[in-house]
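Participant: Let me give you the structure first, and then I'll get to my questions.
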Amino acid sequence: MGKRDKLKNTFDKMFGNKERNDMIKDSLETFLKILKESSDFNPILKSAVGGVCASLEILNKKAKNKKDMIQMTADLAAKAQELASLKGQGNSSEVEHHFEQLAGKLDSINRKLKEKLDHSALHRTVQADHDTQEIEGYCQELQTAYDQCKTQILFKIERDTTKILKTLIMSKLKNSEQAPHDVGPDKTPCTDGTRVAILTEIMKWVQNSLPNASLGYWMCGMAGTGKSIIAKSLCLMLEEQQLLAGSFFCSRQIPECREYHHIIPTIAYQLAYYSCTFGETLEEVLGEDQNIALKEPSIQVKKLLIQPWKAVVKTKRFEGCLPVIVIDALDECENISEVLKTIVPAIQDGQLSGLKFFFTSRPGKDVSSHLQIESEASTSGTVKNFYLHNVEESHVQSDIEKFLQYELKYELQNDQITAKQIQDLVKISGKLFIYAATTVKYIKGAKEWQKKRLHEVLHSAQGPNPLQTKPMDVLYSKIFEGAISISERTPEERKESLRVAHTVVSTATPVTCDTISQLLGYDIETVQAIITSLQSVMYINEGDKKVYTFHASFSDYIFSAERSKENHCDQLVHQVLLEKACLGIMEQKLCFNMCNLPSSFLLDKEVEGIDRRIAENIPGELEYCCCFWAYHLGKCAVDEAVISMLEPFIQKKVIFWIEAMFLLDKLPLCLDILEMALKLLVEGKTKDMLRQIKGMVNLCALGKIQGRTPHLYLSIVPFFLEEIHIFERFQRLMKVKKAGKTLRQLGSWSTPSRIECLSLSPDGSILATGLENGDIMTWDTKTGVQKGDPFQGHSERVTSVTFSPDGERIVSGSWDNTVKVWNARTGAPEGDPFQGHSDFVTSVAFSPDGERIVSGSYDNTVRIWNARTGAPEGDPFQGHSRKINSVAFSPDGERIVSGSYDSTVRVWNVRTGVPEGNPFQRHSGFVTSVAFSPDGERIVSGSYDNTVRVWNARTGAPEGDPFQGHSSLVRSVAFSPDGERIVSGSRDITLRVWNATTGAPEGDPFQGHSNAVTSVAFFPDGERIVSGSLDKTVRPWNVRTGDLEGDPFEGHSDCVTSVAFSPDGERIVSGSWDSTVRVWNARTGAPEGDPFQGHSNGVSSVAFSPDGERIVSAENPFQGHSDGVSSVAFSSDGERIVSGSYGNTVRIWNAKTGAPEGDPFQGHISLVTSVAFSPDGERIVSGSWDNTVRVWNARTGAPEGDPFQGHSDRVTSVAFSPNGERIVSGSGDQTVRVWNARTGTPEGDPFQGHNSPVTSVAFSPDGERIVSGSFDKTVRVWNARTGAPEGDPFLGHSTVVTSVAFSPDGENCVWLRGQHSEGLEYTKL
């Protein structure tokens, strides 16, 4: 419509055709006059309109477009006339108030208009587009002000229901007097400041008057989420804006509030008092049918709502605002679907257009079938859906915290409850406001018991008090009664329903309906129907389709027989059912190559359609069973019946289970499951089998074959075919003949900088390493994978890291003189650095309760800090005269031990900082590392003097001699969790494990690092050690030693008499009564070439030349001796050979020519059994059946000193130590002896342990150990200094051990077995 036509229409509307023609010339003046006259009835409004008219006259004079000015003035005059026509209607005082409000708005707009008129640009002409638009905007504001005033007055007129009489007709509605929101004390609103976001969202819906806006809003929420208090708050907000047209709060406890027939009449009754037109029409309807309130909702809705509301709509008095009806707790009303199936279509069809409905309820089919839209994510549709239980937990808990702070404000102000306790209450409330409210009522219910009740709620091990749980119990029992009523279900149906509910709360993690159906053997439809009937306490998540309970209190209820009675879940019974189901599903569905992987040359991820293959062949229920069978095992009473269920799985399916875990990329979880199962089982075959399987899986995890599933069978299982007998069915796989070393090192993880320190989390799952570059890195110890980014914040090297006892924090010390605390999971610093030391911080540790931190520094002091605030506790501990290297708390947290550059160890009282006793003094070098034993009774220290010492923690007295074996300073020491062993790391690039009581080394040094070992620690299981090094690697190790490496070396056809290693350790030579000499590969056990043939009699002794190029062998008889030769050996330069004879003599031979050098050495009175050169070649030692050991000058043959006497039976074997200072001998008296090679005096007592004659002895290359073989069929390793056995004897031989030898690296040992044996055995020591 053009501006001319619009102006014509305005004239027609106001004056008619004749007047229009007469007045067109002076139209502006006429409209201004009308505008003024329309406000004559109110002086205040008249004054404001006069000002506006004056401005419009000025504007008209300056405006270029006069027609636009006339039109604007005409529109304003028309609105003023309409408003003036309402001046006599409604409540006069309220109407007058709205006129005065209009006057205020007109004054405000006019002021802005006058400012624009005074603008200099307007003095020239009103032409600028910008100015023109602004002025038009002001004129539009004037019109809007009139429109708003009109709407408000019409609204007031419609709300004026004073003339509606409380007649007998109205009483026929039989409305519920208890249902409105403002009746009854239990209808409480939200605490101030809570549920703000939710209420804001609802009010946006209320205020949305667009044509396509939804007229219905359904807020659905699980039991106890606070729906009713939100509904109450909404009612109050709507009342404040005069938009609450009616409310009905359903309640099971009040008969008139649970009867569905009352809802529509009560809403109609309240609408009649909200709208006079509605009330007048309703009276007419009731006059026609006074019994309508007794009829069904289909008639009630039509007659009591739709018909009167249509009359209201016709008046247009509610234009611009949409009144709201609030109906709360639909699920608490019986047969509510009868109401919803009528009223919802009326809303959807627009029959109640202009009236909005807000509903709340728990999830339930009776409600959701009418109100639920396609998905929870959808926001379109006639009835908007909002799921209260899906609100983010952090938002809900923030509101619960505000609620608790408000309700317990007195207790907070008077220190009867702390902020920390409020936080704890928030956590246990979860997302349930009813739980928080019930807890508050319980705590405040008895003033004299408040503190006790608070403690019960937060800490009671016996569970909550019945007074506290009663409201929740009533709620949950009602839900069960409504869902699986005894009166409405058969016993079998009720049993199935309870089993489904019990399974929901008993699984290790939420599962889908399909998984529940598979575990229980029920139809999926049955499970879904049961879950749906219990939607008030559990729900199916739309995202992952899993079933969740809404709050932990439901599980507490159902697991308590006293509280849940006939609904009780007996865990011991139900968990056995689930364990049996898991094993059954795995038995049925696990198989070899279950995803049909085509080739070991492809990574799993490279296989076409691998995700689909896994999903199809390892469906949800099988994945659940694979991941949680051990969880359910742990919940059972593990008796013979349970073991009998488990054994077939381990025997037949465990390898396929490991395959499934490979495919699911859950190998670390596989280790956790095996560890859990091992803890539950008693010792026996099943546990032994699982222990071996765990070792195999550990190798898989650290061996980096994850993602290469076929290699489980091709590269791992073949190595375990003999150890794990259940793998016998895989004999068609390649056969592996094991020889060489069993790797004690389990892995190696590289870091970008040298490792200064490390610490294991309390559960052993995470390793923290402190680096030279100032970073801290954390690692998954099962996989060796770095966890997250490095922790960065120190400006210098990190010298010490330690986990808190709960594993949640890490403390670090650095050369930047500070101590820092970090969040162990995120790497974020917790608070500022602890500052106070004036030099490098070298060591830090948490107290056992995690509340304090101790630090040691190069400033010679020890400091204690508050672990939460970083504040120092007391003064520094002073007493050391030099730098402090290491500190540690005692297990009871009452003492601290420190080690220092002053070569002492000190123990301090934590509370006073006073030293306890004198310094521990025995080290001859700096003390580098200290630690308490787990029982707090001993302290271990490592030192620059290359030793480890153990001290009595109370007296400071050393316990035994120093542990000697490292060839350089000891950097780090630690006790095993059981206190039986000590591990040490050294600059000699090795680790050693020691018997903590005897000081004897347990096995050989752990070798693998290429630079100094800086830090060592035991895993919590005591079976593994982890080390960090300056070579920038972390290495985990297996502690166990003494495992036999490989099968016997077989090839001789008669008794093997003598063996020896080559100098490089790569070959072994053996001599035999079959007249041959053989050379073997020491790593594989394979013979190297053909046997050396040439002897015409049996070979009695063999030896390598020092350069490894020649071998000497002796046969019987041997030319030059008058009887058989028992033993031969090369000199260290390879130029000479010594031989011992059954003729009681020793001879020297030229190794190149074979000529004898000098006369036989005579002195023994019985046959010579063993001979050896000293390392410098200047002496020879011999042992004889005359029970003596003799030392001879190798050049002259003269005896050096007297025979060594001490053995009570024949001497069978002798050897020099590598430094030539000691001699070892073995004897028929079943002992091993060590002698001073110069004086012939015994060093210590005989080594006792064999129970038959000793046949052979040898020193290790470092001289620290001795190996012996015996007629008792064992091999033993001894500490050469103390005589203590190192580990258990090597058992399993069927005949006597006749000869033993160390490999040159000291890592391995070879021996002969049997007087008539044809084999050698080779082992890792």
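Cβ atoms are placed via backbone N, Cα and C, with glycine included.
The shown structure was predicted, so the numbers you read here are calculated from the model rather than taken from an experiment.
Annotated domain 'Nephrocystin 3-like N-terminal' per TrEMBL: 201-362, in sequence order. TrEMBL lists 755-784, 791-832, 834-875, 877-913, 920-961, 963-1004, 1049-1090, 1092-1114, 1118-1159, 1161-1202, 1204-1245, 1247-1288 (among others) with the feature repeat 'WD'.
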Participant: Which residues of the chain, 6 or more past the ends of the repeat 'WD' (1204-1245), have a CB below 8 A from one of its CBs?
Facilitator: 1166, 1169-1176, 1179, 1181-1191, 1251-1259, 1261-1263, 1266, 1268, 1270, 1272, 1278, 1280, 1282-1283
Participant: Using Cβ atoms and a strict cutoff of less than 8 Å, what residues sit near the repeat 'WD' (755-784) while being 6 or more residues removed from its termini?
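Facilitator: For the repeat 'WD' (755-784), the far contacts come to 667-668, 671-672, 698, 701-702, 706, 747, 749, 790-803, 805-807, 810, 812, 814, 816, 822, 824, 827, 1014-1015, 1017-1021, 1026-1030, 1032-1034, 1036.
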Participant: Do the repeat 'WD' (963-1004) and the repeat 'WD' (791-832) share at least 3 Cβ pairs closer than 8 Å, excluding pairs fewer than 6 residues apart in sequence?
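Facilitator: Answer no: the repeat 'WD' (963-1004) and the repeat 'WD' (791-832) share fewer than 3 Cβ pairs below 8 Å.
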Participant: Considering every residue in the repeat 'WD' (1118-1159), what is the mean pLDDT value?
Facilitator: 82
Participant: Under the DSSP assignment, what numbers of helix, strand and coil residues are found in the repeat 'WD' (963-1004)?
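Facilitator: In the repeat 'WD' (963-1004), the DSSP-based counts are 0 helix, 20 strand, 22 coil.
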Participant: Which stretch, 791-832, 877-913, 1118-1159, tops the Cβ pairs under 8 Å count with the repeat 'WD' (920-961)?
Facilitator: 877-913
Participant: Could you tell me what the rest of the chain brings near the repeat 'WD' (1118-1159), counting residues at least six beyond its ends with Cβ under 8 Å?
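Facilitator: For the repeat 'WD' (1118-1159), the far contacts come to 1058, 1100-1107, 1110, 1112, 1165-1177, 1180, 1182, 1184, 1192, 1194, 1196-1197.
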